[in-house]
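*Asks:* Have a look at the structure that comes next, please.
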Amino acid sequence: MSYLVTIIAFIIVFGVLVTVHEYGHMFFAKRAGIMCPEFAIGMGPKIFSFRKNETLYTIRLLPVGGYVRMAGDGLEEPPVEPGMNVKIKLNEENEITHIILDDHHKFQQIEAIEVKKCDFKDDLFIEGITAYDNERHHFKIARKSFFVENGSLVQIAPRDRQFAHKKPWPKFLTLFAGPLFNFILALVLFIGLAYYQGTPTSTVEQVADKYPAQQAGIQKGDKIVQIGKYKISEFDDVDKALDKVKDNKTTVKFERDGKTKSVELTPKKTERKLTKVSSETKYVLGFQPASEHTLFKPIVYGFKSFLIGSTYIFSAVVGMLASIFTGGFSFDMLNGPVGIYHNVDSVVKAGIISLIGYTALLSVNLGIMNLIPIPALDGGRILFVIYEAIFRKPVNKKAETTIIAIGAIFMVVIMILVTWNDIRRYFL
(Lines of atoms letter the chains of each structure in order from A; the text may use other names.)
(Lines give C-alpha, C1' and ligand atoms only; values in the text may rest on other atoms or scores of the structure.)
Protein backbone atom coordinates (compact mmCIF):
# COMPACT_ATOMS: atom_id res chain seq x y z
CA MET A 1 0.00 0.00 0.00
CA SER A 2 2.87 2.38 0.84
CA TYR A 3 4.28 1.87 -2.68
CA LEU A 4 0.93 2.85 -4.19
CA VAL A 5 0.79 6.02 -2.07
CA THR A 6 4.33 6.93 -3.12
CA ILE A 7 3.55 6.33 -6.81
CA ILE A 8 0.40 8.48 -6.63
CA ALA A 9 2.27 11.23 -4.76
CA PHE A 10 5.11 11.12 -7.30
CA ILE A 11 2.70 11.38 -10.24
CA ILE A 12 0.85 14.31 -8.65
CA VAL A 13 4.02 16.20 -7.67
CA PHE A 14 5.77 15.68 -11.01
CA GLY A 15 2.57 16.38 -12.95
CA VAL A 16 1.86 19.63 -11.11
CA LEU A 17 5.41 20.94 -11.55
CA VAL A 18 5.56 20.19 -15.28
CA THR A 19 2.01 21.41 -15.94
CA VAL A 20 2.67 24.72 -14.18
CA HIS A 21 5.95 25.11 -16.08
CA GLU A 22 4.38 24.47 -19.48
CA TYR A 23 1.34 26.60 -18.67
CA GLY A 24 3.72 29.49 -17.99
CA HIS A 25 5.12 29.15 -21.50
CA MET A 26 1.63 28.97 -23.01
CA PHE A 27 0.26 31.90 -20.98
CA PHE A 28 2.88 34.33 -22.26
CA ALA A 29 2.91 32.80 -25.74
CA LYS A 30 -0.79 33.51 -26.16
CA ARG A 31 -0.36 37.03 -24.80
CA ALA A 32 2.29 37.56 -27.48
CA GLY A 33 -0.07 36.26 -30.18
CA ILE A 34 1.84 33.01 -30.70
CA MET A 35 -0.41 30.14 -31.75
CA CYS A 36 -0.32 27.11 -29.42
CA PRO A 37 -1.84 24.10 -31.24
CA GLU A 38 -1.60 21.75 -28.24
CA PHE A 39 -1.16 21.74 -24.47
CA ALA A 40 -0.44 18.24 -23.15
CA ILE A 41 -0.32 16.77 -19.65
CA GLY A 42 1.75 13.58 -19.76
CA MET A 43 3.45 11.92 -22.69
CA GLY A 44 2.66 9.11 -25.11
CA PRO A 45 -0.72 8.13 -26.60
CA LYS A 46 -3.65 10.51 -26.13
CA ILE A 47 -6.37 9.24 -23.76
CA PHE A 48 -8.53 12.36 -23.43
CA SER A 49 -8.76 15.67 -25.24
CA PHE A 50 -10.91 18.73 -25.76
CA ARG A 51 -10.49 21.81 -27.90
CA LYS A 52 -10.84 25.37 -26.68
CA ASN A 53 -10.45 27.98 -29.38
CA GLU A 54 -7.30 27.09 -31.36
CA THR A 55 -5.65 24.92 -28.68
CA LEU A 56 -6.18 21.19 -28.21
CA TYR A 57 -5.84 20.22 -24.54
CA THR A 58 -4.81 16.59 -24.07
CA ILE A 59 -4.12 14.13 -21.28
CA ARG A 60 -1.70 11.44 -22.35
CA LEU A 61 -1.05 7.92 -21.11
CA LEU A 62 2.36 8.28 -19.44
CA PRO A 63 2.00 10.52 -16.35
CA VAL A 64 5.51 11.94 -16.62
CA GLY A 65 6.21 15.26 -18.27
CA GLY A 66 4.09 17.37 -20.57
CA TYR A 67 4.52 20.04 -23.21
CA VAL A 68 3.06 22.99 -25.04
CA ARG A 69 3.41 23.09 -28.82
CA MET A 70 4.13 26.59 -30.06
CA ALA A 71 3.92 27.39 -33.76
CA GLY A 72 7.28 28.21 -35.30
CA ASP A 73 9.39 27.38 -32.25
CA GLY A 74 11.75 25.29 -34.37
CA LEU A 75 11.28 22.17 -32.24
CA GLU A 76 8.90 20.43 -34.65
CA GLU A 77 8.95 20.08 -38.41
CA PRO A 78 5.70 20.33 -40.42
CA PRO A 79 4.16 16.91 -41.20
CA VAL A 80 4.27 17.60 -44.95
CA GLU A 81 7.42 17.63 -47.09
CA PRO A 82 8.28 17.31 -50.80
CA GLY A 83 7.62 13.85 -52.22
CA MET A 84 4.57 13.15 -50.06
CA ASN A 85 1.10 12.47 -51.41
CA VAL A 86 -1.63 14.29 -49.51
CA LYS A 87 -5.16 15.50 -50.08
CA ILE A 88 -6.20 19.12 -49.95
CA LYS A 89 -9.50 20.96 -49.62
CA LEU A 90 -9.81 24.35 -51.28
CA ASN A 91 -12.03 27.37 -50.60
CA GLU A 92 -13.68 29.63 -53.17
CA GLU A 93 -10.43 31.63 -53.56
CA ASN A 94 -8.60 28.41 -54.49
CA GLU A 95 -6.68 28.55 -51.20
CA ILE A 96 -5.97 25.45 -49.12
CA THR A 97 -8.10 25.21 -45.98
CA HIS A 98 -7.33 21.59 -45.03
CA ILE A 99 -4.31 19.36 -45.65
CA ILE A 100 -5.45 15.77 -45.12
CA LEU A 101 -2.71 13.33 -44.14
CA ASP A 102 -4.63 10.03 -43.95
CA ASP A 103 -7.98 8.44 -44.75
CA HIS A 104 -9.56 8.98 -41.31
CA HIS A 105 -11.73 11.92 -42.35
CA LYS A 106 -15.18 12.82 -43.64
CA PHE A 107 -14.24 15.57 -46.08
CA GLN A 108 -15.67 15.63 -49.58
CA GLN A 109 -14.63 17.50 -52.72
CA ILE A 110 -10.95 17.13 -52.01
CA GLU A 111 -7.95 17.01 -54.34
CA ALA A 112 -5.03 14.57 -54.26
CA ILE A 113 -1.63 16.17 -54.81
CA GLU A 114 1.98 15.02 -54.96
CA VAL A 115 3.94 17.69 -53.10
CA LYS A 116 6.91 19.14 -54.98
CA LYS A 117 7.57 22.27 -52.91
CA CYS A 118 6.03 23.60 -49.72
CA ASP A 119 6.55 26.30 -47.11
CA PHE A 120 4.72 26.47 -43.77
CA LYS A 121 6.87 29.14 -42.10
CA ASP A 122 7.06 32.19 -44.36
CA ASP A 123 5.16 32.21 -47.66
CA LEU A 124 2.73 29.39 -46.74
CA PHE A 125 2.08 27.47 -49.94
CA ILE A 126 2.06 24.00 -51.47
CA GLU A 127 3.19 23.37 -55.01
CA GLY A 128 2.69 20.00 -56.62
CA ILE A 129 1.10 17.80 -59.25
CA THR A 130 -2.64 17.25 -58.85
CA ALA A 131 -4.17 13.88 -59.64
CA TYR A 132 -7.16 15.24 -61.57
CA ASP A 133 -5.14 16.81 -64.42
CA ASN A 134 -1.55 15.64 -63.77
CA GLU A 135 -0.43 19.28 -63.96
CA ARG A 136 1.76 21.29 -61.57
CA HIS A 137 -0.14 23.88 -59.52
CA HIS A 138 0.74 26.46 -56.87
CA PHE A 139 -1.74 26.80 -54.00
CA LYS A 140 -1.63 29.41 -51.24
CA ILE A 141 -2.52 28.23 -47.75
CA ALA A 142 -5.48 30.14 -46.28
CA ARG A 143 -4.95 32.19 -43.12
CA LYS A 144 -7.24 29.82 -41.26
CA SER A 145 -6.22 26.33 -42.32
CA PHE A 146 -5.59 22.94 -40.73
CA PHE A 147 -3.64 19.72 -40.90
CA VAL A 148 -6.03 16.76 -40.60
CA GLU A 149 -4.63 13.55 -39.10
CA ASN A 150 -6.38 10.71 -37.26
CA GLY A 151 -9.55 12.77 -37.30
CA SER A 152 -7.92 15.66 -35.40
CA LEU A 153 -7.47 19.20 -36.65
CA VAL A 154 -4.21 21.06 -36.00
CA GLN A 155 -4.33 24.67 -37.10
CA ILE A 156 -1.56 25.95 -39.37
CA ALA A 157 -0.11 29.17 -37.99
CA PRO A 158 0.12 32.24 -40.23
CA ARG A 159 3.54 33.89 -40.31
CA ASP A 160 2.64 36.58 -37.76
CA ARG A 161 1.41 33.92 -35.28
CA GLN A 162 4.71 32.03 -35.18
CA PHE A 163 7.30 32.19 -32.40
CA ALA A 164 10.18 32.61 -34.86
CA HIS A 165 8.71 35.82 -36.28
CA LYS A 166 8.10 37.59 -32.96
CA LYS A 167 10.40 40.29 -31.57
CA PRO A 168 13.04 39.34 -28.95
CA TRP A 169 11.15 40.68 -25.91
CA PRO A 170 7.99 38.54 -26.29
CA LYS A 171 10.23 35.58 -27.17
CA PHE A 172 12.21 36.11 -23.97
CA LEU A 173 9.07 36.40 -21.83
CA THR A 174 7.61 33.25 -23.39
CA LEU A 175 10.76 31.22 -22.68
CA PHE A 176 11.38 32.65 -19.21
CA ALA A 177 7.75 32.20 -18.16
CA GLY A 178 8.14 28.45 -17.58
CA PRO A 179 10.77 28.83 -14.84
CA LEU A 180 8.98 31.96 -13.59
CA PHE A 181 5.75 30.04 -12.99
CA ASN A 182 7.74 27.37 -11.11
CA PHE A 183 9.11 30.11 -8.85
CA ILE A 184 5.61 31.54 -8.35
CA LEU A 185 4.25 28.08 -7.48
CA ALA A 186 7.03 27.59 -4.90
CA LEU A 187 6.33 31.00 -3.36
CA VAL A 188 2.60 30.27 -3.11
CA LEU A 189 3.29 26.90 -1.45
CA PHE A 190 5.72 28.42 1.07
CA ILE A 191 3.22 31.15 1.97
CA GLY A 192 0.40 28.59 2.19
CA LEU A 193 2.46 26.46 4.58
CA ALA A 194 3.18 29.52 6.71
CA TYR A 195 -0.54 30.32 6.97
CA TYR A 196 -1.34 26.70 7.86
CA GLN A 197 1.46 26.11 10.35
CA GLY A 198 1.76 29.64 11.68
CA THR A 199 4.97 31.64 11.92
CA PRO A 200 7.58 30.78 14.56
CA THR A 201 8.06 33.09 17.56
CA SER A 202 10.80 33.43 20.16
CA THR A 203 8.60 31.61 22.71
CA VAL A 204 9.62 28.05 23.59
CA GLU A 205 7.11 25.34 22.65
CA GLN A 206 9.24 22.26 23.32
CA VAL A 207 12.77 21.65 24.62
CA ALA A 208 14.99 18.91 23.15
CA ASP A 209 16.62 16.38 25.46
CA LYS A 210 20.35 16.77 26.16
CA TYR A 211 20.58 20.10 24.36
CA PRO A 212 21.87 23.39 25.87
CA ALA A 213 18.40 24.87 26.46
CA GLN A 214 17.26 21.91 28.58
CA GLN A 215 20.56 21.67 30.42
CA ALA A 216 20.31 25.38 31.32
CA GLY A 217 16.77 24.99 32.67
CA ILE A 218 14.82 26.72 29.90
CA GLN A 219 11.20 25.50 29.84
CA LYS A 220 8.10 25.51 27.66
CA GLY A 221 6.50 28.97 27.66
CA ASP A 222 9.74 30.87 28.22
CA LYS A 223 10.22 33.79 25.82
CA ILE A 224 13.79 34.39 24.63
CA VAL A 225 14.52 38.14 24.74
CA GLN A 226 18.32 38.33 24.44
CA ILE A 227 21.27 36.14 23.39
CA GLY A 228 24.61 37.65 24.35
CA LYS A 229 24.41 41.32 23.37
CA TYR A 230 21.76 40.71 20.70
CA LYS A 231 18.11 41.62 21.37
CA ILE A 232 15.48 39.07 20.31
CA SER A 233 12.02 40.09 19.12
CA GLU A 234 11.20 37.24 16.72
CA PHE A 235 12.47 33.75 15.94
CA ASP A 236 14.68 34.86 13.03
CA ASP A 237 16.62 36.98 15.54
CA VAL A 238 17.51 33.79 17.44
CA ASP A 239 19.20 32.27 14.38
CA LYS A 240 21.00 35.52 13.55
CA ALA A 241 22.29 35.88 17.11
CA LEU A 242 23.48 32.28 17.29
CA ASP A 243 25.30 32.65 13.95
CA LYS A 244 27.33 35.45 15.58
CA VAL A 245 27.78 33.85 18.99
CA LYS A 246 28.63 30.44 17.48
CA ASP A 247 29.64 27.81 20.06
CA ASN A 248 31.05 30.27 22.57
CA LYS A 249 29.68 30.44 26.10
CA THR A 250 27.04 33.16 26.26
CA THR A 251 24.24 34.59 28.38
CA VAL A 252 20.65 33.97 27.36
CA LYS A 253 17.89 36.11 28.84
CA PHE A 254 14.25 34.99 28.80
CA GLU A 255 10.91 35.97 30.30
CA ARG A 256 8.98 33.60 32.55
CA ASP A 257 5.80 34.54 34.42
CA GLY A 258 6.48 38.23 33.81
CA LYS A 259 10.02 38.11 35.17
CA THR A 260 13.28 38.27 33.24
CA LYS A 261 15.79 35.55 33.99
CA SER A 262 19.20 34.73 32.58
CA VAL A 263 21.30 31.61 32.18
CA GLU A 264 24.71 30.85 30.76
CA LEU A 265 25.07 28.16 28.13
CA THR A 266 27.10 27.09 25.11
CA PRO A 267 25.18 26.71 21.81
CA LYS A 268 25.58 23.34 20.12
CA LYS A 269 27.23 23.15 16.70
CA THR A 270 25.31 21.07 14.14
CA GLU A 271 25.85 20.13 10.50
CA ARG A 272 22.82 19.90 8.22
CA LYS A 273 23.12 18.46 4.71
CA LEU A 274 21.24 20.67 2.25
CA THR A 275 22.03 18.93 -1.02
CA LYS A 276 24.40 16.28 -2.26
CA VAL A 277 27.14 18.88 -2.67
CA SER A 278 26.52 21.37 0.13
CA SER A 279 25.89 21.45 3.86
CA GLU A 280 25.12 24.10 6.45
CA THR A 281 26.70 24.69 9.85
CA LYS A 282 24.24 25.93 12.46
CA TYR A 283 24.39 26.69 16.15
CA VAL A 284 21.32 25.79 18.18
CA LEU A 285 19.94 26.01 21.70
CA GLY A 286 17.71 22.99 21.16
CA PHE A 287 14.12 24.17 21.35
CA GLN A 288 11.11 24.16 19.07
CA PRO A 289 9.46 27.59 18.82
CA ALA A 290 5.78 28.21 19.41
CA SER A 291 3.83 29.43 16.39
CA GLU A 292 1.41 32.31 15.99
CA HIS A 293 -1.29 32.86 13.37
CA THR A 294 -1.48 36.40 12.02
CA LEU A 295 -2.73 38.01 8.83
CA PHE A 296 0.44 39.34 7.22
CA LYS A 297 3.44 37.65 8.85
CA PRO A 298 2.98 34.39 6.87
CA ILE A 299 3.48 36.33 3.62
CA VAL A 300 6.81 37.70 4.82
CA TYR A 301 7.86 34.37 6.32
CA GLY A 302 6.87 32.46 3.17
CA PHE A 303 8.84 34.90 1.03
CA LYS A 304 11.88 34.46 3.30
CA SER A 305 11.57 30.67 3.05
CA PHE A 306 11.42 30.97 -0.73
CA LEU A 307 14.54 33.15 -0.85
CA ILE A 308 16.46 30.84 1.50
CA GLY A 309 15.49 27.73 -0.47
CA SER A 310 16.28 29.41 -3.79
CA THR A 311 19.68 30.58 -2.52
CA TYR A 312 20.62 27.09 -1.33
CA ILE A 313 19.55 25.44 -4.59
CA PHE A 314 21.20 28.10 -6.76
CA SER A 315 24.44 27.68 -4.81
CA ALA A 316 24.25 23.91 -5.24
CA VAL A 317 23.67 24.21 -9.00
CA VAL A 318 26.57 26.65 -9.38
CA GLY A 319 28.75 24.31 -7.30
CA MET A 320 27.76 21.37 -9.48
CA LEU A 321 28.58 23.25 -12.69
CA ALA A 322 31.89 24.44 -11.24
CA SER A 323 32.78 20.86 -10.28
CA ILE A 324 32.67 19.88 -13.96
CA PHE A 325 35.71 22.09 -14.56
CA THR A 326 37.49 21.39 -11.26
CA GLY A 327 37.26 17.61 -11.58
CA GLY A 328 34.98 17.04 -8.60
CA PHE A 329 31.82 16.23 -10.56
CA SER A 330 29.85 13.10 -9.70
CA PHE A 331 26.51 11.85 -10.98
CA ASP A 332 25.53 11.56 -7.32
CA MET A 333 25.07 15.35 -7.50
CA LEU A 334 22.09 14.86 -9.83
CA ASN A 335 18.67 13.34 -9.34
CA GLY A 336 16.52 11.96 -12.15
CA PRO A 337 12.92 10.70 -11.91
CA VAL A 338 14.08 7.59 -10.02
CA GLY A 339 15.93 9.70 -7.46
CA ILE A 340 12.96 12.03 -7.09
CA TYR A 341 10.70 8.99 -6.58
CA HIS A 342 13.02 7.79 -3.80
CA ASN A 343 12.93 11.21 -2.13
CA VAL A 344 9.14 11.39 -2.44
CA ASP A 345 8.93 7.97 -0.77
CA SER A 346 10.87 9.33 2.22
CA VAL A 347 8.95 12.61 2.37
CA VAL A 348 5.50 10.97 2.10
CA LYS A 349 6.22 9.02 5.28
CA ALA A 350 6.71 12.34 7.11
CA GLY A 351 3.25 13.58 6.09
CA ILE A 352 1.48 15.87 3.65
CA ILE A 353 3.08 19.05 5.05
CA SER A 354 6.57 17.70 4.36
CA LEU A 355 5.46 16.67 0.86
CA ILE A 356 4.19 20.19 0.12
CA GLY A 357 7.46 21.68 1.36
CA TYR A 358 9.45 19.26 -0.80
CA THR A 359 7.25 20.12 -3.80
CA ALA A 360 8.03 23.82 -3.28
CA LEU A 361 11.79 23.16 -3.22
CA LEU A 362 11.51 20.86 -6.24
CA SER A 363 9.64 23.59 -8.12
CA VAL A 364 12.46 26.05 -7.41
CA ASN A 365 14.97 23.44 -8.53
CA LEU A 366 13.09 22.81 -11.79
CA GLY A 367 12.98 26.53 -12.52
CA ILE A 368 16.69 27.07 -11.87
CA MET A 369 17.80 23.95 -13.75
CA ASN A 370 15.78 25.01 -16.81
CA LEU A 371 17.67 28.32 -16.88
CA ILE A 372 21.04 26.59 -17.30
CA PRO A 373 22.32 27.74 -20.73
CA ILE A 374 22.16 24.34 -22.43
CA PRO A 375 20.58 24.64 -25.93
CA ALA A 376 17.76 22.14 -25.32
CA LEU A 377 16.69 23.95 -22.12
CA ASP A 378 14.92 27.29 -21.74
CA GLY A 379 18.19 28.93 -20.68
CA GLY A 380 19.93 27.89 -23.88
CA ARG A 381 17.11 29.16 -26.07
CA ILE A 382 17.09 32.44 -24.13
CA LEU A 383 20.73 32.87 -25.18
CA PHE A 384 19.62 32.73 -28.83
CA VAL A 385 17.06 35.46 -28.11
CA ILE A 386 19.69 37.61 -26.37
CA TYR A 387 21.95 37.18 -29.42
CA GLU A 388 19.08 38.32 -31.66
CA ALA A 389 18.40 41.36 -29.46
CA ILE A 390 22.08 42.42 -29.48
CA PHE A 391 22.90 41.82 -33.15
CA ARG A 392 19.44 42.67 -34.52
CA LYS A 393 19.19 39.39 -36.41
CA PRO A 394 18.28 35.84 -35.40
CA VAL A 395 20.79 33.01 -35.20
CA ASN A 396 21.12 31.12 -38.48
CA LYS A 397 18.17 28.72 -38.52
CA LYS A 398 20.15 25.65 -39.54
CA ALA A 399 22.81 26.39 -36.93
CA GLU A 400 20.18 26.90 -34.23
CA THR A 401 18.40 23.66 -35.14
CA THR A 402 21.68 21.74 -35.12
CA ILE A 403 22.77 23.20 -31.77
CA ILE A 404 19.38 22.45 -30.17
CA ALA A 405 19.50 18.89 -31.54
CA ILE A 406 22.97 18.37 -30.08
CA GLY A 407 21.77 19.81 -26.78
CA ALA A 408 18.76 17.49 -26.78
CA ILE A 409 20.96 14.44 -27.44
CA PHE A 410 23.27 15.56 -24.64
CA MET A 411 20.32 15.89 -22.24
CA VAL A 412 18.99 12.44 -23.18
CA VAL A 413 22.41 10.87 -22.56
CA ILE A 414 22.73 12.67 -19.22
CA MET A 415 19.23 11.57 -18.20
CA ILE A 416 19.99 7.94 -19.06
CA LEU A 417 23.22 8.05 -17.03
CA VAL A 418 21.54 9.80 -14.09
CA THR A 419 18.64 7.32 -14.12
CA TRP A 420 20.99 4.34 -14.15
CA ASN A 421 23.03 5.90 -11.35
CA ASP A 422 19.84 6.44 -9.29
CA ILE A 423 18.75 2.83 -9.85
CA ARG A 424 22.20 1.59 -8.82
CA ARG A 425 22.26 3.78 -5.69
CA TYR A 426 18.75 3.20 -4.41
CA PHE A 427 17.69 -0.23 -5.61
CA LEU A 428 20.75 -2.40 -6.38
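Any Cβ shown, glycine's included, is placed from N, Cα and C.
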*Asks:* Can you check which of 7-29, 352-374 Swiss-Prot lists as transmembrane segment?
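*Replies:* Matching range for transmembrane segment: 352-374.
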*Asks:* Inside 10 Å of the Cβ of His21 (Zn(2+) binding site), count up the other Cβ atoms and send me the figure.
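*Replies:* If we count other Cβ atoms within 10 Å of His21 (Zn(2+) binding site), we arrive at 25.
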*Asks:* Who sits close to His25 (Zn(2+) binding site): which same-chain residues at least 6 apart have their Cβ under 8 Å from its Cβ?
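*Replies:* Listed in sequence order: Val68, Met70, Thr174, Leu175, Ala177, Gly178.
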*Asks:* Does Glu22 (active site) have same-chain partners at least 6 apart in sequence with Cβ under 8 Å from its own Cβ, and which are they?
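*Replies:* In sequence order, Phe39, Ala40, Gly66, Tyr67, Val68, Gly178 meet the Cβ cut-off.
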*Asks:* Summarise the model's confidence over the domain 'PDZ' (186-269) as a mean pLDDT value.
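*Replies:* Averaging the confidence scores along the domain 'PDZ' (186-269) gives 94.
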*Asks:* Mind checking which residues of the chain, 6+ beyond the ends of the transmembrane segment (352-374), have their Cβ under 8 Å from one of its Cβ atoms?
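*Replies:* Long-range Cβ neighbours of the transmembrane segment (352-374): 9, 13, 16-17, 20-21, 176, 178-180, 182-183, 185-186, 189-190, 192-193, 196-197, 305-306, 309-310, 313-314, 317, 321, 340, 343-344, 380, 382-383, 407, 410-411.
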